[in-house]
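Quick notes on the structure that follows.
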Amino acid sequence: CIKANAKSCGECIQAGPNCGWCKKTDFLQEGEPTSARCDDLAALKSKGCPMEDIENPRGSKQVLENREVTNRKKGAAEKLKPEAITQIQPQKLALHLRVGEPQTFSLKFKRAEDYPIDLYYLMDLSYSMKDDLENVKSLGTALMLEMEKITSDFRIGFGSFVEKTVMPYISTTPAKLRNPCTGDQNCTSPFSYKNVLSLTSEGNKFNELVGKQHISGNLDSPEGGFDAIMQVAVCGEQIGWRNVTRLLVFSTDAGFHFAGDGKLGGIVLPNDGKCHLENNVYTMSHYYDYPSIAHLVQKLSENNIQTIFAVTEEFQAVYKELKNLIPKSAVGTLSSNSSNVIQLIIDAYNSLSSEVILENTKLPKGVTISYKSFCKNGVNDTQEDGRKCSNISIGDEVRFEINITANECPKKEQNETIKIKPLGFTEEVEINLQFICECQCQSEGEPNSPACHAGNGTFECGACRCNEGRIGRLCECSTDEVNSEDMDAYCRRENSTEICSNNGECICGQCVCKKRENTNEVYSGKYCECDNFNCDRSNGLICGGNGICKCRVCECFPNFTGSACDCSLDTTPCMASNGQICNGRGTCECGTCNCTDPKFQGPTCEMCQTCLGVCAEHKDCVQCRAFDKGEKKETCSQECMHFNMTRVESRDKLPQPGQSDPLSHCKEKDVDDCWFYFTYSVNSNGEANVHVVETPECPSGPDIIPIVAGVVAGIVLIGLALLLIWKLLMIIHDRREFAKFEKEKMNAKWDTVS
């Protein structure tokens with residue numbers, strides 16, 4: 001926002017969707033340029049601009065026409081006119097667009113059941129289509145019967161084409177012009193395009209008129225079908241198109257001429273895309289060239305015509321490539337005699353109607369559009385695929401999310417209208433784009449205001465917008481005075497040669513401070529002598545992060561002080577465990593204890609290597625006053641009356657931590673080796689209070705009987721164990737001796753025998 005260098009509120013809001021303009025009159029500091037009024041919202045608030053003084057208009061959307069999509073069943077008694085059937089919702093919106101801020105809306109599409117259909121059959125009547133014509137003569141009634149299964153409102157028309165009526169496409173000899181066929185074949189004169197039957201609901205009339213048609217002929221293989229398609233598309237009144245589903249069946253067994261081929265016949269004028277039917281015959285084929293494919297695509301799309309190419313197997317590849325260039329078109333394989341044309345039309349219609357593709361008219365400069373589709377079975381897509389949904393059946397409802405963004409304001413600041421429609425359908429959504437390029441406060445501006453140096457500008461949105469030839473924050477200078485040396489004197493501090501402290505430019509005798517690359521760093525002051533980034537730092541942060549740098553001096557937040565706001569006035573870190581600041585032995589400076597008693601040290605002045613603890617210090621006095629014994633028993637009344645004592649029954653009744661007065665819990669031994677418990681605390685009035693448990697805990701003497709019994713049992717058990725060990729050793733010894741005796745006895749027997 002700052003880098004946009006906006007001179008007015010309008011320029012500011014065009015810089016980005018998060019930019020706001022402060023219209024508070026005294027918002028700017030001395031030396032700050034008018035463009036400093038433009039910044040992001042958080043920055044403006046932090047600089048002291050109230051929310052009610054910030055101009056920040058937002059975009060919006062408004063639905064102007066929102067008829068519900070039509071729900072009806074085929075065969076229902078209700079018969080609606082085509083224009084009363086709604087398949088797309090909403091129908092009209094107004095979008096207020098701010099630069100960079102997208103506006104999103106949802107578009108719903110639902111295929112209506114029993115939707116009217118107009119079908120125009122355009123047939124190649126060159127000689128090679130002779131047998132096909134015989135089958136097409138009965139097409140009207142047969143197709144009517146089939147289409148009744150889809151819609152109760154069906155109309156059919158018929159047209160034919162051959163070729164341009166000039167050389168070298170046809171023979172121009174008088175005889176060939178009368179009958180272009182050879183031999184005894186009776187053919188009609190060649191023609192470019194003829195509208196035989198405008199759209200009608202009478203199938204018999206179709207059969208009758210088509211039955212009267214005759215084959216014609218031409219010289220070259222490609223046909224002039226593109227001329228015919230163009231006339232069918234643009235001659236809506238003659239053909240009889242209604243605002244319903246429009247189908248064009250193009251039937252041929254040959255290729256096609258396109259733009260540029262007319263030069264062979266000396267025709268160089270591009271096709272003008274206009275209707276030239278006289279008495280239902282195209283009269284300008286000799287004057288205008290064939291249309292280009294792109295021209296055909298444009299006219300078919302403008303007139304919502306879906307094309308079905310019914311071509312023979314030989315030319316399938318060519319027309320499939322053509323289909324890829326023409327949206328909402330299909331290709332079917334025509335049998336050699338067109339006997340399968342009805343099934344081909346039904347299949348192609350089902351294929352075309354099962355897909356919806358959205359297209360939009362040309363967008364104004366700087367406006368972008370994106371689509372997101374929400375199709376059947378949870379299929380979602382974005383970008384180009386977000387424009388379409390496939391496999392849609394009659395009665396299915398799909399949704400599109402459309403996002404429109406203005407990236408710049410139009411030069412004339414005028415409203416624009418765009419339209420979005422499904423290809424092949426006449427219904428469309430009209431969107432009126434209204435651009436937010438100025439602020440509300442600009443309309444309240446005061447032209448030639450006295451606030452702008454005697455009427456040299458318009459005072460609007462808290463600032464002056466200077467008239468032509470005037471400059472300065474208050475339009476106080478003319479452009480002729482800008483470089484005057486006399487003006488520079490007003491931009492120098494006393495006893496200084498530096499203009500604007502070398503931090504700005506002198507314009508109209510006033511310093512306009514230059515901007516830093518970091519937009520958060522600002523020069524200010526009458527002579528640009530101040531800034532907000534050269535204050536003392538702590539921990540690498542300006543003002544330690546605990547203050548604001550104003551004119552190179554830190555203004556600290558509450559509870560902070562010091563040149564770098566690095567001194568905290570918070571005493572919490574100095575609080576000792578007894579609840580006293582620095583244990584009452586020091587002062588808290590910048591959140592740290594400065595111990596004044598040399599015996600005490602540590603972060604809260606609680607550590608004392610040579611001091612007795614509170615408990616040890618008062619042990620003898622508590623013992624003499626509570627139990628009348630101890631070392632101070634004789635001097636108790638003189639030395640131990642400095643505290644109030646309260647006896648309690650048990651340790652549970654002693655005061656617990658959490659009270660307002662600092663509290664110490666003590667456990668000490670008396671002269672009889674008994675433990676006694678007490679607490680010591682000092683209240684806010686400096687009075688010491690002792691609570692002591694009235695009964696000491698004395699250790700009980702040993703139980704003699706169990707001890708004696710244990711000793712005797714031990715001696716007996718040890719004696720038995722020794723006896724058992726001796727007995728075991730004796731048994732082992734006897735066995736060894738017996739074994740030795742047996743061995744010697746055996747040796748003696750052997751000696752006697754020998």
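The backbone N, Cα and C atoms fix where each Cβ goes, glycine too.
Any TrEMBL annotation is an automated prediction that lacks curation.
The disulfide bond annotation in TrEMBL covers Cys12-Cys49 (among others).
A simple way to gauge crowding: the CB of Cys275 (disulfide bond) has 18 other CB atoms within 10 angstroms, across all the protein chains here. What TrEMBL lists as disulfide bond is Cys235-Cys275 (among others).
According to TrEMBL, the feature disulfide bond maps to Cys409-Cys666 (among others). Residue environment of Cys666 (disulfide bond) contains 20 other Cβ atoms, counted within 10 Å of its Cβ in all protein chains.
Sequence annotations record features per position, and here TrEMBL assigns disulfide bond to Cys452-Cys464 (among others). Cys452 (disulfide bond) is surrounded by 25 other CB atoms, counting those within 10 A of its CB over all protein chains shown.
As annotated by TrEMBL, disulfide bond applies to Cys530-Cys535 (among others). In sequence order, Ile542, Cys543, Cys549, Arg552, Val553, Cys554, Ala564 constitute the residues six or more apart from Cys535 (disulfide bond) in its chain with CB-CB distances below 8 Å.
TrEMBL lists Cys556-Cys565 (among others) with the feature disulfide bond. Around Cys565 (disulfide bond), the same-chain residues six or more apart in sequence whose CB sits under 8 Å from its CB are Ser538, Cys543, Gly544, Gly545, Asn546, Gly547, Cys554, Cys556, Phe557, listed in sequence order.
Cβ environment of Cys567 (disulfide bond): Phe560, Thr561, Glu589, Cys590, Gly591 lie under 8 Å away, each six or more residues apart in the same chain. As annotated by TrEMBL, disulfide bond applies to Cys567-Cys574 (among others).
Residues or ranges marked as disulfide bond by TrEMBL: Cys588-Cys593 (among others). The Cβ of Cys588 (disulfide bond) lies under 8 Å from the Cβ of Thr571, Pro573, Cys574, Ile581, Cys582, Asn594, each of which sits 6+ residues away along the same chain.
Cβ neighbour count for Cys636 (disulfide bond) (all protein chains, 10 Å cutoff from its Cβ): 18. The disulfide bond annotation in TrEMBL covers Cys590-Cys636 (among others).
The disulfide bond annotation in TrEMBL covers Cys595-Cys605 (among others).
Taken from TrEMBL, the feature disulfide bond applies to Cys608-Cys611 (among others).
There are 21 other CB atoms within 10 A of the CB of Cys624 (disulfide bond), with all protein chains counted. Per TrEMBL, the feature disulfide bond maps to Cys615-Cys624 (among others).
TrEMBL lists 1-50 with the feature domain 'PSI'.
Residues annotated as domain 'Integrin beta subunit VWA' in TrEMBL: 8-439.
DSSP labels the residues of the domain 'Integrin beta subunit cytoplasmic' (727-754) in these numbers: 27 helix, 0 strand, 1 coil. Look at TrEMBL and you will find 727-754 tagged as domain 'Integrin beta subunit cytoplasmic'.
What TrEMBL lists as transmembrane segment is 704-726.
When the disulfide-bonded residues Cys49, Cys452, Cys615 are ranked by how far their Cα is from the Cα of Cys530 (disulfide bond), Cys49 comes first.
Taking the C-alpha positions, the distance from Cys595 (disulfide bond) to Cys235 (disulfide bond) comes to 103 Å. Looking just at the domain 'Integrin beta subunit VWA' (8-439), the mean pLDDT is 85.
In terms of local Cβ density within 10 Å, Cys593 ranks first among the disulfide-bonded residues Cys593, Cys615. Annotation: Cys593 are the disulfide-bonded residues among Cys49, Cys275, Cys464, Cys593, Cys624 whose CA atoms are within 10 angstroms of the CA of Cys605 (disulfide bond). Of all the Cβ atoms in the protein chains shown, 15 others lie within 10 Å of the Cβ of Cys590 (disulfide bond). Ranking the disulfide-bonded residues Cys556, Cys605 by other CB atoms within 10 A of the CB puts Cys556 at the bottom.
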